[in-house]
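**Q** TrEMBL lists these features:
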TRANSMEM  B:12-35  transmembrane segment
TRANSMEM  B:42-60  transmembrane segment
TRANSMEM  B:66-88  transmembrane segment
TRANSMEM  B:100-119  transmembrane segment
TRANSMEM  B:155-172  transmembrane segment
TRANSMEM  B:204-227  transmembrane segment
TRANSMEM  B:239-267  transmembrane segment
TRANSMEM  B:279-298  transmembrane segment
Amino acid sequence: MRWEKDPILHVEHLKMRFGGLVAVNDLSFKVGRGDITALIGPNGAGKTTVFNCITGFYKPSEGMLTLRHKAGDRAGSDDGSFLLERLPGHRISQDARVARTFQNIRLFSGMTVLENLLVAQHNTLMQASGFTIAGLFGLPSFRAAEREAVDKARHWLEKINLIERADDPAGDLPYGDQRRLEIARAMCTDPVLLCLDEPAAGLNPRESQELNNLLLSVRNDHNTAVLLIEHDMSVVMQISDHVIVLDYGTKIADGTPEEIRNDQRVIAAYLGVDDDEVEEVEAEVRA
Amino acid sequence: MEVFAQQLINGLTLGSIYGLIAIGYTMVFGIIGMVNFAHGDVFMVSAFIAMIFFLLLTTWLGIASIALALLLVLVLAMLMTALWGWTLERLAYRPLRGSFRLAPMISAIGVAIFLANFVQVSQGARNKAVPPIVTDVIVLFERNGYAVALSYKQIIIMSVTAVLLTAFWFVVTRTSLGRAQRACEQDRKMAALLGIDVDRTISLTFVLGAALAAVAGTMFFLYYGVVGFTDGFIPGVKAFTAAVLGGIGSLPGAVLGGLIIGLVETFWSAYFSIEYKDVAAFSILAIVLIFMPSGILGRPEVEKV
Amino acid sequence: MTSIPTFPARPAGTNQPAPPPLLLHALRESALAALVMLGLSIPILLFRTDQSAGQQLMLTPRIGLVATMCAIIFAVRFVVCLYVARRQSQRAARQAAGVSAPQSKLAHYVVSVGVPLFLGIAVTYPLISSMLAGGLNGARYWIDLGILILTYVMLGWGLNIVVGLAGLLDLGYVAFYAVGAYTYALLSTTYGLSFWICLPLAGVLAAFWGILLGFPVLRLRGDYLAIVTLAFGEIIRLVLINWVELTNGGAGISSIPRATFFGVPFERGENGFAAMFGLQFSAMHRIVFLYYLILVLALITNAVTMRLRRLPVGRAWEALREDEIACRSLGINTRNTKLTAFSIGAGFGGLAGAFFAVRQGFVSPESFNFLESAIILSVVVLGGMGSQFGVAIAAVVMVGGPEMLRHLAFTKAIFGPEFDPNEYRLLIFGLAMVVMMVWRPRGLISHRNPSIALKERKAISGSLVKEGHG
């Protein structure tokens with residue numbers, strides 16, 4: 001259980017209230033360093049709310065979210081740990097290095113694919129441009145940094161097969177490409193944890209397979225932990241190392257895909273209680 | 001105490017005029033999410049219309065009963081201003097619906113400039129004054145030589161406002177038009193799919209807003225007896241402040257906001273400085289928007305991620 | 001939402017009643033329009049109110065005027081009807097032929113030819129106008145007009161950073177213009193500082209005010225931001241009117257020192273500009289100098305903006321306009337990014353303000369009213385948000401266009417000697433704003449040029465570019 005030994009993210013007693021509605025209630029879990037962790041659960045279980053708390057879009061009502069960088073990493077605080085619930089939104093990406101994608105894709109649709117990837121490297125480039133002043137006079141150090149940024153963008157574009165479309169507006173890409181581009185854009189911020197909100201939604205089987213390979217490469221080649229919300233069981237079961245199941249804002253199961261697959265309670269709660277349906281879905285899950 | 005009571009009466013009168021204009025802002029914002037910059041100038045046009053009709057009825061047609069004349073003026077001004085509201089929506093806003101967000105705003109600013117200058121060109125730049133129309137006053141009480149008075153004008157203004165607001169409230173809460181309006185507010189596309197004529201509903205919203213502005217315009221004319229082509233902008237901004245203060249999109253909020261703005265303005269002028277009374281209104285606007293953007297009765301907006 | 005289906009939905013192309021013949025349709029529409037015009041004319045056009053000698057308001061009926069207006073509206077509507085029908089049939093024919101409109105190519109062509117042309121005209125303008133007017137003195141009016149237009153070009157470019165790039169709707173931009181103008185007016189009249197010291201100071205001070213005003217309001221979105229900035233603009237104007245001790249109130253500040261040629265005054269006499277360069281003294285030297293001064297200021301604004309667009313901060317502005325939430329998720333400090341746009345835009349407004357003060361020699365609060373903000377904003381939006389060239393064209397059209405009314409002397413022949421077309425300047429201006437928006441809601445040049453390219457730069461269609469929410 002890597003997530004118990006070396007968690008990158010530790011969520012403790014997370015609670016999120018909207019007026020009278022408790023969307024997430026006393027939720028605790030750990031995300032392992034170098035794992036692909038899937039957060040699953042029926043619609044309205046509070047998955048996206050958890051994401052929004054982790055990435056700073058909501059301030060949790062209660063609870064603690066600790067992110068730990070590896071010792072010796074470019075760490076921000078003394079022991080390399082960040083309390084995400086206390087960081088201002090943009091610091092979560094800039095310092096704690098948590099990146100995310102959105103359920104309804106949020107690309108800069110009027111900007112080109114390349115520009116999208118450069119905006120993601122804003123903070124690095126901003127420093128290189130001497131907070132604009134050096135950049136205004138076109139100092140060589142800034143030019144070098146920009147070249148590096150373009151190279152990094154090119155690397156990702158080759159990886160997601162979009163190099164040919166680098167100069168096209170992001171809004172013109174087909175849906176599947178937009179999803180991959182959004183992941184590449186998040187990766188350009190050099191995250192230690194990548195949070196993906198339903199990355200496979202709306203993809204066809206071939207694209208879904210490509211996505212699996214991309215995510216595996218993110219984990220293996222870039223040492224980035226992945227936390228994803230997903231409904232597509234083929235993605236969840238094939239690539240995740242760890243699955244957490246939510247229902248009504250609380251955790252009902254937590255373990256390896258094997259364990260989750262065989263957890264009757266999960267199947268019942270997650271998929272409804274009708275016996276016939278359970279069998280049907282069990283078959284699908286096993287397949 | 002006496003001054004306070006007098007200012008309270010004056011403030012409520014002014015406030016009911018602002019409230020009537022504010023409803024036009026709040027309704028249009030609610031249904032198409034646009035600040036109708038020209039609404040203040042529609043109000044100004046309606047004051048001119050009321051003035052001309054009043055002169056027409058009293059001097060040309062020789063109607064001797066002021067009450068009858070005022071009633072006719074009110075009805076005619078509402079009708080004519082409603083036509084203005086309809087035409088403006090049709091020509092300047094409808095073609096831009098669903099387009100670029102800034103376009104309707106620029107168009108509305110254009111309409112505002114057009115209306116003010118149309119009135120200037122067609123009626124002349126000088127303020128138009130008529131002799132006081134209703135001059136009777138009821139002295140409520142008198143102390144230390146200071147009489148607290150409630151004029152007939154103020155009674156007319158407040159009661160007409162109350163009656164028409166009640167009628168208006170009935171329209172938007174109890175009729176199918178009101179239902180259609182609320183449906184369009186929630187989701188215009190879905191409303192269209194359910195067979196609501198969205199264009200017609202929006203048109204009627206503008207028509208209603210303009211008619212209420214005409215009530216305000218008539219009352220303004222009655223109260224001050226002077227109208228000028230620049231009288232649209234400042235009352236417009238104040239009424240918009242009222243709409244925001246009450247919570248934009250909320251009809252009771254608009255009236256409440258109007259009354260508050262009216263009171264603040266009169267008390268500010270009486271106790272602090274009359275020069276800075278417009279600064280006070282603008283400051284309230286800025287402060288409310290910054291610290292309380294959903295106003296008193298509005299619903300807070302939740303950011304969707 | 002133009003594409004909202006009305007219920008019950010009619011399958012396209014079937015069961016539709018045959019459309020009435022075009023002419024009949026056009027006639028009916030025109031009659032309707034004329035009828036509405038008649039309604040609108042009652043009573044505001046039909047009767048003119050005039051103060052009589054006894055201070056009594058008198059009504060004068062103007063039946064002829066109303067009839068003329070109705071006829072004009074009838075004719076206009078008729079022509080529009082026919083034009084729209086013709087364009088629709090053309091479009092249908094083009095679609096049937098499978099040809100798409102070559103619009104973006106054309107726009108690209110216009111820009112690539114138009115920019116050098118425009119720049120060339122701008123640089124040689126005083127020469128051209130004095131040749132056409134037969135002498136420098138005769139060209140005074142035209143060069144003044146050029147200065148006016150260039151001032152708006154600069155203001156438009158400054159505001160374009162805020163509205164066009166960062167997508168922040170600012171309706172109080174004129175406040176920063178006022179800050180710049182009063183900075184120079186006050187510093188020069190009370191401390192005798194020279195224009196060349198005050199100019200950068202005005203820019204810095206206006207930028208500082210931009211930060212000060214922007215700080216509390218920049219988290220507001222869309223129309224709310226517009227209204228708050230409008231309120232700030234008006235507050236500043238009202239304070240300028242009422243703070244008499246400092247600003248001399250509504251009377252304004254006069255006898256502001258004139259611009260010098262970097263210290264050399266434009267005067268008759270030994271130390272003057274003319275004597276120094278061995279020229280015949282002419283009052284026009286100063287005017288021409290002012291022309292080139294504003295041209296240089298405007299071009300600096302443009303150069304800085306173009307440069308910033310290619311820097312991370314500029315890209316962040318545009319990203320902010322596209323999607324603020326995504327920006328936050330990428331670690332961009334949205335508040336600071338907005339503040340930089342707001343204050344840089346304000347700074348350029350301040351520079352333009354200082355120029356305004358030195359050119360007029362007089363400032364008063366009335367020069368900085370809401371109408372001014374509206375004109376600048378309409379120049380930006382009409383130009384096509386984010387397009388520098390479009391803004392320049394829009395400034396020429398919106399500021400230069402109404403000026404042309406002064407030269408329509410022939411209208412006096414038609415409408416009588418009392419007719420002054422200049423009175424209609426703002427009326428037509430307002431009307432033009434509406435018509436332009438209906439005609440081109442995204443402005444004259446709506447496509448966006450990418451800030452960087454891997455292989456080739458392709459223009460991005462305006463329909464993909466967002467307009468910002470804050």
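Every residue, even glycine, has its Cβ placed from backbone N, Cα and C.
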**Q** For the transmembrane segment (B:100-119) and the transmembrane segment (B:204-227), does the number of C-beta pairs under 8 Å, pairs 6 or more apart in sequence, reach 3 or more?
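**A** Taking Cβ pairs at least 6 residues apart, the transmembrane segment (B:204-227) and the transmembrane segment (B:100-119) are not in contact, as fewer than 3 fall under 8 Å.
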**Q** Other than its close neighbours in sequence, what residues sit by the transmembrane segment (B:66-88), given a CB gap under 8 Å and a spacing of at least six beyond its ends?
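**A** Contacts with the transmembrane segment (B:66-88): 38, 42, 45-46, 49-50, 53-54, 57-58, 111, 133-134, 156, 160, 203, 206-211, 213-215, 217-218, 222.
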**Q** Does the chain bring the transmembrane segment (B:12-35) near the transmembrane segment (B:155-172), so that three or more CB pairs sit under 8 Å (pairs 6 or more apart in sequence)?
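**A** Answer yes: the transmembrane segment (B:12-35) meets the transmembrane segment (B:155-172) with 3 or more Cβ pairs below 8 Å.
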**Q** Could you check whether the transmembrane segment (B:204-227) packs against the transmembrane segment (B:42-60) - three or more CB pairs closer than 8 Å, residues at least 6 apart in sequence?
**A** yes
**Q** Could you give the residue numbers and ranges of same-chain residues that sit at least 6 residues beyond the transmembrane segment (B:279-298) on either side and whose C-beta is under 8 angstroms from one of its C-beta atoms?
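**A** Long-range Cβ neighbours of the transmembrane segment (B:279-298): 237-238, 240-241, 244-250, 252-253, 256-257, 261, 264-265, 268, 272.
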